[in-house]
Structure formats: C-alpha cells, structure tokens
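Here the structure comes first, spelled out in structure tokens, and everything after it is commentary.
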C-alpha cells in the first residue's frame, strides 16, 4: 500500500511541474526553474529559449545547448523548441542527499555570438522514500527490577527525504508494559526511548514481542517497521550512568589517525563485577563512518582510526554504550557529537567548458576565446578563489557568474609577431597557506591579409649588355610577404614605365614605348627577362616599376622601381661622312666628292708643289654609332707604305704633307686610309683619297672655287690661272680666313654662355651616377650616363659622349 501510494504521489508530482521563476535575475542574468524529483523523461521544465529572449527557431540556429558539468544533470535542451526537458531519472536524494534546497546550476551556451547563460534548477522533494530502521529486528534485554518510567534508548528510523516528508512519528504495537517516547536534547537528532509503564515480571512474561512503526509526514504517509524482541533479565538492577548525556567535540578535518576524540565516563553503583563498566560504540551516524572511530573498552577513550573529510561529512553522531559485567549486564548510553572543521586541503579546480580557436588576428578587443569554470571544494575563505592569466598576454579574464569566467581578448593580435599563445589560467584560494591550480590553453592565431608585399630595395639598378638574346634573364626581384598561405603568395608583373624621353628612339620620332615591349617579369619567381635583344643605339636607359601582389582578399601590393642601363657593345663599324664645303684651315684644300666619271668611293684634294712639311691637305671625317671606347676612332695610312709625301693624323684624320712636295712626286698621289675604332674586336672602314699636285695659283683657285659652289655638282678645276687671277684668289682666301676666325670666336662665346646658364637635360637614372672609366696606351676617357653632352663633328649627327684624353705621348 505504501509503494502504491508512493507511485501515485510521483505521478501527481510529475503532472504538477511548477515553473517558479522564468525571468532574469537582476544580479547576474540567471533563470530559475523548479521541477519535482522522479518527473518522467520528456517532462517540460520550462521554455528556456523564450525565457532567454530568443526568437522562434533561433534556438536551433544558434545551437542552444547545455554545457557538460562534473555530474549528470538529467536534463537537456530540445533543439527544435528550445525547451528544457527532463532527460533521465531525477532523484533528489542521489543529487543532493539531505541538502536543502537542492539546486542544480547549469550553464547554457548559444553561438553567433557566443554567450553563456546560467540556469538554476531546483529539484523539489516528493515523498518517495519510506522510513527505514537499521535492522528488521532489535533485541533488548531489560532487568525485571526496572522501575516504571525507566527509559531505554532505541535507534530511530531514517528517511532519505527532507522537510515534512522526513518528519517521523512512531507508534508502538499494543502493550500494557511499554510505550514510545520521543525526547529533544541539545543534540541535532531526535532521541527515541522505550518507556516502561508497568513493572516487569520475568516469570509471567519472559519475552515481549512488539512492533515499532515509523511514519513520515508525507501525503500519503509512508511507514517502516522494526520488531522489538525484549528479554526480561533478572538480578543486576543498576545500570552504568554517564556523567554527560551528550559530548560535543570539534576536530579539524586534517586530524591524524590515533587522535583522541573524547574520553567518556560512566559509573555503576553496583559492586564487584556488576560495577565494572565496559564501553563500546553502539551506532554511528552516518553508518558509513563506523570504521572511522575506535573506543577503548576499559578507559572509554574514543580515537580516530580513519581520516575525516569536511567536504564529505561535517557532523558525526556516535551512540556510546557502557555496560556492566552483571548477568544480565546493564548498560547506559550517551551521544558523542563530533563537528568537523574545514581546513584548506583542496586546491582549486579549473575546467575549460568552451574553447573557440583559432582566433583571427583582426579579432576585436573583447572577443570571447574560452569559457572556464573554477571551483574549490573547501568552504569560507578556503573556498574563495582568485583567478588570473599568466604570463602577461593579450588575454584577460572576466567574471561572468560565481565560479564562471570568460577568457577575452584585451589587445590587438599580430600573427606575424606571435602566431600562437600558450596561456595559463591560474587559480588561488584564500586559505593559509594558499593552494593553487593552473590550466594551460593553446590559442593559435589565424592569419588575415594585413601585410603588403615589400621589396628589399625601393630602386633596383640593372646593367645589361646590348644584343642580348631574347629570353635572357636580366635580374631577379623578390618581395617578402610575412602573411601565410594565399595571403603570403606573391605574384609579379610589370606595372608601368618605358623608354626615357631623351633616348635616341624618342628623338628619332619613335615616341613612347612601354617597358612591357622590352622586358617581362615571371609572375611566380620575379625573374626579369628580355623580350627582345636590346640595342644601345636605340635605348640607353629603361625605367619601369614592378608590382608584387599577394593572393589575399582583398589583395595588397608593393612596388619597386627598376632602372635598366644598357651597356654598349662594339657592333657598329665607323662610317665616313660626306666632305665639308670648305677647307679646315688656311693652306689646305678640303676633300670633296669626285667629279663625273670618277669612282664613287674616292675623295679628291689638291696640293701645291713646293708646299712645306706639315701643311694640311685634307681631313677625313668619320663617325661611329657606338659609344665611349667603341666610338674612339683612329686613322692609319694603309697605302702607300713607307716614306711617302703625306701622313695622316692618328686621331684627327687630317692628311698633311710629310715633307715639301716637288715635281718628282708626280701629278697625283692615291692614298688608302683605314679608320678603326677601339672596340674588341675592332671594326674599320676604308677611305680612298686622290691628291692632285698642281701649281700654287691653281691650288688657291681650286680652294676658292670649292668654297663658293657645291662640291657634288662641280668638276675638279684644271685651268691655268694668270698672276692677276692668283692675286685675286689670295685676297679671297684671306677674307675667308678672317671670317672663319671671327665665327669661331663668336661660337666659343655662345657655347660658354649656353653651358653656364642653360638648364641641364633631365635624365632618368637611379639615386647615384653610373660611370664607366677606361684606359689605353694613349690616354684615358670616361663616360657618364648621368650627365652627357652632345659633341658634333662637322655636319655629322650629334652623339651623347664626353671623352677626355690625357695622351701619354706627343
């Protein structure tokens, strides 16, 4: 009947699920529910999602769930509805024993963003446990001479429930000799006594069989029974008496084995063996602590033979019995109540309940990285825990609830500086000495594209020889990007640039040509290679930018300037220039093109018989398209060899008389002149000069006629001239010489002023000059790419060369 009543009570309680409070507490944002124990699985405890302020369907989308705790909570969150449901059997006695109220603290997580809520679930008691006696039968021995009113202590029943469901009342089966009495002492437990109401007569009734029933205060009430088997003894009529009915003792939980708890003392007024007292521990509450204590049967000393644990049991109740040696023996009883004091013997415990890694390096300050739970089984100051993060790092702790902390970001992260953090959360309680605990966390930092590729140099200077093969490697560029994976993968490209404005191609009207028509950059390796052979005569300086772009999102880039200087090769032979329109100096006749009927490659000049040694007859003019040493020309008389009447200036190209001319030299001299440059290997050109030997007057007339008409349209002079004509020709020559000297002076003044005040031409170049210096057996010359000047030879094209000679011989 009691079992059926209990089942009915549980069914009714499961139906009467009561939500005590589903609102946020002002102190910490906590939701509280109440559910009776033994509620059926699936019973709705409360609409958790709604009480947390989540919209319909948001609970499943944000993964509303419970955080696993150290002990089974027996509840779960419905993913679909967001309701808090009973998932398994709820037994309040198993969860909380005698503690009241029985409150389970739950942690609920939602994602996007990550938040933690604290839910307190109170499990209320129902009357599902009947009172239980320590044994089904209790044997008692009572002397027959016990006076009415004698009280004999009994061990009461225990009920695992709490409150009214654990309030016990006792009834004794029908007896005219005994009744049950409950007494209240200063102890924390009720005392139960069997009271004699009528004198005993062993000869009439030697044994009394009674049934003691214990009923709890539940509705319906549950009961438990024990059979009392009372034997009536004869003879010894004085029982031992303790000097105290209750002994109160306080011990710290770290008391060692063998520590004296208390010494109890009982006296017996009888004499002899009937007055000798023997002590024993009758019962211990809780019964599991029976092996913790021992008592000396002769002295009454109670000592520890086990260890105390405040976190397990805070109060022990020992029922001590003292009996004499009579037949039958008489006994007296007392209670020893031992209160255990807490000591700091439990270190704090740290658990990581949630960890969100890796953390992006651009995560904002305040981002929650982990959720931690900290507890200490001690109480008071010994259980008060202080937490911090070590070593000093960009992370910190924020308390979210009692015993709950969030590991949050306090400073900005930089993966390129620190890619992973080893964080240690340390906890220390308030005991003396303090106990500590630690929990290590590994927090990797994920990369974002926050670093642009960077070249080692802002400007690269590259030297390349002309006539290189197409596809030849000119340089290798490398840009560093400290990001990882795609964010650090760099590709290269030619961004902008082209032929310098002062290049020969631009001057010739070629216009601007982009750098991409000359060079290309390998996208992966950064190798700069030529698309076509380079020609120094076309291109001297090429400046362009190379861009390095990473593969991040969005991509970042860096630039570097490349200055490509083309080095000259001796790939052009000297070229002869057309003859000038007048003699280079007085007394000389300029070489001019042959008249009709002459060979096209032959130059003509006239010399007068009797001309002194050293007189300039003609000047061979040539130019080399190369530059510097490759364009430095020298002139050699190839034919006739030996001691002829003429010689050629090695570097001037002037053909002059080697000795005075006479009629023995014949009417005409044919000279073969070779023009060579100083390149390796040297290149050359050949000029043929035909010198006609005539009278002095004829030579003067030929010179005057050559200065007044074009040499390409006139035939050579061959007429005889009288003395008057020769005098007129001499006057003309003097006028021409005076004009030439005046013109040279004026030209020198103009050139000096232009070189002093004219702005210098802009040249595309790097931060420092690039200068080539060469030397030879005849002197030295230097060529500066940064500052060039144009030198013109007669009517030839300008060249950007500046040669300075310091001859080593006259």
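For all residues, glycine too, the Cβ spot is worked out from N, Cα and C.
TrEMBL labels come from automatic prediction, so no person has curated them.
Matching 686-708, 709-731, 732-754 against TrEMBL, the residues noted as transmembrane segment span 732-754. Mean model confidence of the domain 'Cadherin' (134-242) amounts to 86 (pLDDT, 0 to 100 scale). Most Cβ pairs within less than 8 Å of the domain 'Cadherin' (351-455), among stretches 34-133, 134-242, 611-705, belong to 34-133. Residues in the domain 'Cadherin' (243-350) partition by DSSP class (helix H, G, I; strand E, B; coil) as 10 helix, 50 strand, 48 coil.
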